[in-house]
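Participant: As annotated in TrEMBL:
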- 1-12: compositional bias 'Polar residues' (COMPBIAS)
- 1-20: region 'Disordered' (REGION)
- 49-73: transmembrane segment (TRANSMEM)
- 69-339: domain 'G-protein coupled receptors family 1 profile' (DOMAIN)
- 94-115: transmembrane segment (TRANSMEM)
- 127-148: transmembrane segment (TRANSMEM)
- 169-191: transmembrane segment (TRANSMEM)
- 224-246: transmembrane segment (TRANSMEM)
- 256-275: region 'Disordered' (REGION)
- 288-308: transmembrane segment (TRANSMEM)
- 323-342: transmembrane segment (TRANSMEM)
Amino acid sequence: MNSKVGNGSANFSGTSSTTTTVSYRSVPANATAPSLPYPGYRGPAALPAWLQALASVTLVFMITVGIFGNILILIVNRYIMKRRKTWPTVLLRWLAWTDVLNCSIGLVIPLVGYFVDVYSVAALCDLNGIVLFGLSVASQLIVALMSAERCLSLLKPFAYEAHFGPDSVKMYYILGGIVLYSLIVALLPTFGLNRNVPHYPYTFCMFDFTDTTPGGRFVVYLNFINLSGCLVIILVANVLIAVYAWRFRQVFPTPEEDGEGTDSDGRRGSRRRQVTHDRRLQTRLAKLTLAVATCFTMCWLLFAVRILTNQLQVWLDDDVDFLAARLMSFNSVINPLLYIAICRPYRRGCWVILLTAFHYLTCRGARKPDTTLNQSVA
């Protein structure tokens, strides 16, 4: 992104001994390989050994936990969808797939980049930039959609049922639009608007945050507006969800709280049990949405700030940029942990899968779970 080592002007001597000054701030000024496609790019060999070790270890952890955790969630999600399809469950599935792709395709190339100079090939840099940029935009929009969907279902339930009932396909159209928009935006740097470049510590590629050309600035500010808009939607929607849930609990306490109990027979008792179940389901979905949105904000806010500061040429710090990029990637790792911690069906389902796998890995030496995966998510 930015650099501490100079003002960002890189001098290169070509074969005709002509000196060319290239204004480029995302890489250091002391270029040593003028044949490379990125002025000032030094590659992983220029990094200290401790930084290579620390960064690669964190990436291995993120890739392992992110892929394994999200695959577990997708398996459990499939069984939950068989029993009861809800739009939060559908959106969670799409977000989990986005995280799986990000932790596999998006992060594996940067991991290899710590040991092999992969970005001397411009096509690999473009591939990594397209994947990271596209999946990040898709993740931002899906989380914003999750928050807006929960907010609408609580504040305007009749309008929500009319437009997004169980048989509605409008949500799939919205998700299809998100995929198409994310792909178009991710391809903009390859169309000549801005370009994908290696960022510090030179092991991941994304669009150039410091590009001052009209097309380059368009891509930078488009991404900043996308991310900022999603953060605003997430913040407003989840504040409304929290306020509504608190007021609803105060005005309509559960049967256990109002002291009346539940009838053992008759329609009144059945109705109370159904209302209690629905309230718990709504509360669980609201908690999950709030937790996902909170972690999303914590992981992406600094990255949004760094995009703007690099474009405006203020607060230039490589280490902060590196931290922002790591937090951005960490969001794909923490999501499955949130699902397991907050939602009991996901927690039970993942536990059954792990115990069953351990049972067969030990050649049936360990005890097999008493319940099936289908029973655990009931």
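Along the chain as shown, residues are numbered 1 onward.
Just so you know, glycine gets a Cβ as well, placed from its N, Cα and C.
Give me the structural setting of these features: burial, nearby parts and distances.
Facilitator: For the transmembrane segment (49-73), the list of distant contacts is 92, 96-97, 99-100, 102-104, 107-108, 110-111, 114-115, 201, 203, 326, 329-330, 332-333, 335-337, 339-340, 346, 349-350, 353-354: same-chain residues at least six beyond its ends, Cβ to Cβ under 8 Å.
When pLDDT is averaged over the domain 'G-protein coupled receptors family 1 profile' (69-339), the result is 84.
For the transmembrane segment (127-148), same-chain residues at least 6 beyond its ends with a Cβ under 8 Å from one of its own Cβ atoms are 88, 91-92, 94-95, 98-99, 101-102, 105-106, 109-110, 119, 174-175, 178-179, 181-183, 185-187, 189-190, 196-197, 204-207, 223, 226-227, 229-230, 233-234, 237-238, 241, 289, 292-293, 296, 300, 328, 331-332.
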Participant: Can you work out whether the transmembrane segment (94-115) touches the transmembrane segment (224-246), with the criterion being 3+ CB pairs under 8 Å where the paired residues are 6 or more apart along the chain?
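Facilitator: No, these stretches are not in contact.
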Participant: Is the transmembrane segment (288-308) packed against any residues at least 6 beyond its ends, judged by a Cβ distance under 8 Å, and which are they?
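Facilitator: Distant Cβ neighbours of the transmembrane segment (288-308) are 1, 88, 92, 95, 139-140, 143, 146-147, 150, 209, 220, 223-224, 227-228, 231, 234-235, 237-238, 241-242, 320-321, 323-325, 327-328, 330-331, 334-335, 338-339, 341-343.
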